[in-house]
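*Asks:* Sharing a structure, written as structure tokens. Questions coming.
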């Protein structure tokens, strides 16, 4: 016989003290600390039972552990011990039942000494009995007897832990319907009654608290919300009430089962879980503040005040079932009121089939009657449901036929289906149609199909009994036989030989092993040593104590809690991200930044996989998947990041799931045609991996539900799905067919299926090419050295699109049957995962010189601003200054740091402190550094002494741009729409030189002419002549923000916008000379090459496009696809071009010179740019990039606060 008690556990303040926020050490009274598992029986090394759930300490002490100066006080009710049950749910859906007693117990002397806790302090402690049986009464009674025995003035005859060991090891679970187990604790006799056999599921709670807290209408509304699987939050100031009501409502929906998250008592620090979009049932103490949560659609049930509130309407139960259910409950609760008009004696021959006991106190009989009332409701509303199960093996249910049958059962003539009767039918359809789609109903169908379940299906038995006019009580098994008594005796019980009694002033600790004792001493010694060290050296960095001392169970609990916390936070952030409006900047929003940080900061990929999972779950809830332009940009970038990081971890399941959700989400373009997210992921190199598509096909085959279909037909149907994804990504026809044909050959399908596949692939490729054109995005090949091979003609010429499109439809039959090597070799760049790939020997044109990448650490937050000190900024008559080539960075840690790359190992030159919020912009000149921040201030620093010279205040919003000018002047722009000029010497604002209608995000200034250009959220480029004191032009044409991409050289102004276009303007005329519209995403940076009037643009699509002026305007000469993420920076010099992207990839281009010093190919322009070198890629996400072309350096600032400096040491 299995034991009824699985574990006895003690939780409380452990040797390693941490606050709920994760801060280690003692921080005084009034602070809540994380609970730990202190003792358990059986011990940790016991192998008979699985270990207790790692989250148990957090759940049994949901508020955490508090330290008090006093223990139990009869005059203080809050200090009294509390007894309450909790229920935990494991991954397989099985439940663990725990009875708890929480009380104040003295803090252990060794812990108090190590952490300098005041003597005679008390802390929360909780003792628990853990069971797999829902026998709440016996578990609670046993635990309370143990607690009373511990603190009894008479003492116990045996050590307390010996009593506990006997109970856990020897008390069995009774055989259902047969045994009753008797056992004793000292002089108290306890019994375990047998659970029923083949009746209603065993429940050892009273339903009275449920009907006392909620009136009949609210009870039915809660029941309906649970049945329709809404998000349900119970609130009460009593833990016991939360658990009892949760369990009661779960038993009232029998024969259905709750299939989703079930946490009857949510720990306080998990309150963010309430924003999860998936169905759940949670209980939360009413003392926890939830006012800052969104809680859209959450059904909040206040058990103290009998209130239910929700922002979404709950469909009502239709008539006549609603009235019948309500009346039956009223008869049970208030029999005298309901039957006040009835005579005492019924007419002869009548019999009350549904007997309701009157004038009896609430007990087990009333509990049973209440459960039967709800079971009768299901028997009525699902009458004849078995007739609509079409496939007994798959348990397919015909919802529509069932609804039609039900509507006919109302016996209403067709002309009467208006007005009231129509509303009745509509209500029924709405409620039942939602119910038939729930997980609970599908689970019931699966269980009803098994023989064991069908034999004990009380719903079917009740429907049969009602149909035959029998008493519904007849479906329950008879309990006429008396159970057999099983007595559990303790052979070592009774008085001890010496007659001694064991009396305790606190709950005793179990005997520890030598290893456990040594480990405890090490933790406390480390804590004590750290305390002394911190006390004696307050300026030293804090010491982390006891990190290695966590037990495997504690580490597992911490990881499980972290995983759940990340996933729930992602779900809430995802819902808020979908609420971004047209005026919001998606890539600067809190939601986007937080999701991105969760994806990037986790090495195990929980953030990335969790983000993709929450999108998938949202789609399955019925979301239509349409995004606005702003949401589209954010989602696309987040998915790119998740896929890149998952690929680096070889986490193909996340890549696969991301591919599937990207094929669902879309926005409408200007022609009202759906533009799917998937199309914008085509630059990622993972799609060219044959092994990925082979794994994806295997996954589709395993997932296929049609196991009985012909194998060749099944393979063909799954390959059609694979081909759809390939076309959606923009993989070329040749490459896609090569991979599909390879998979087909491995699965031995015939030519008939091959022809079908080839025809389908050609059709969808033609559809894609017809609207979007031939994809020009291809991932770079990887050389054996890990460097990107130079491919000057990597992009596809726009003029070749029609020709290539026509070839696709003309030659597919010939290409399918041809087996020549040319077709196979055309896909030689498809790499196997078993090797890194090999590059062509033509890479000899790339100089094989060593590169140098350094990691600069110093910031404690994301790097948000990066500036390179150029020779032009610091040049004077003496010559070059030593600070030319310095990099200056700003961060969310509010600090500005100056880096000297010439000193290896000691690059950090200075740290400038003064800002109170994130630093957004940096500039410098010969002697000063100027920085702008979200704190609305501009600070000027002395570059040599690092002293703060001036703090310029006047902007009314965060500062976005700063520029140091000649003559001790500073030009600044901010989100308040103003551009101001300051005199550093007098610390005053000389003038507000420009005003925009919205936030200014970027600006350019020509110090030689006094022309200023600024742009931002109003999508207008404003041009002023500062020296003349007038505005020259308002350049309108863009339809979205001009974010950071504005460049002015001479009379030419270039702007890049979130509307996916760049525009070339004449400053003097104020006219638009050209619109550059070939990117597939917002343009984040533009650059102008004055020598040949060339233009380079970079976008979130990862493309680098090169443009030149032609007789007919401006045309795109070529694309480069070296980068697979957003291009953040382009910096062009006379002979060098530096590029940096958001995935931390960098590239350096060179324009070769002839021997006479001229530019090679004088007749050509930008095509002369050749890829010179890219560093070995390191996975990281960056926010800003700066280039020092004179020294061939590119520096990136990461979201983790790390700078990565790449120096290409090359000789020309």
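Just so you know, glycine gets a Cβ as well, placed from its N, Cα and C.
So TrEMBL lists these for the protein:
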DOMAIN    13-456  domain 'UDENN'
REGION    782-805  region 'Disordered'
REPEAT    912-951  repeat 'WD'
REPEAT    952-992  repeat 'WD'
REPEAT    997-1034  repeat 'WD'
REPEAT    1076-1108  repeat 'WD'
*Asks:* If we skip the immediate neighbours and take only residues 6+ beyond the ends of the repeat 'WD' (1076-1108), which ones have a Cβ under 8 Å from one of its Cβ atoms?
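*Replies:* Sequence-distant neighbours of the repeat 'WD' (1076-1108): 633, 636-637, 679-680, 683, 776-777, 798, 1040, 1043-1047, 1049-1050, 1052, 1054-1064, 1114-1132, 1134, 1137, 1139, 1141, 1147, 1159, 1165-1167, 1169.
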*Asks:* Are there residues at least six beyond either end of the repeat 'WD' (912-951) with Cβ under 8 Å to its Cβ atoms? List them, or say none.
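*Replies:* Cβ under 8 Å, 6 or more out: 861, 864-867, 869, 873-876, 881, 883, 888-892, 894-898, 957-964, 966, 970, 972, 974, 982, 984, 987.
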*Asks:* What average pLDDT is reported by the model for the repeat 'WD' (997-1034)?
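*Replies:* Over the repeat 'WD' (997-1034), the predicted model scores a mean pLDDT of 89.
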*Asks:* DSSP-wise, what's the residue breakdown of the repeat 'WD' (952-992) into helix, strand and coil?
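*Replies:* Looking at the repeat 'WD' (952-992) with DSSP, the answer is 0 helix, 26 strand, 15 coil.
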*Asks:* Where DSSP helix means H, G or I and strand means E or B, what are the helix, strand and coil counts for the repeat 'WD' (912-951)?
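*Replies:* Tallied per class, the repeat 'WD' (912-951) gives 0 helix, 24 strand, 16 coil.
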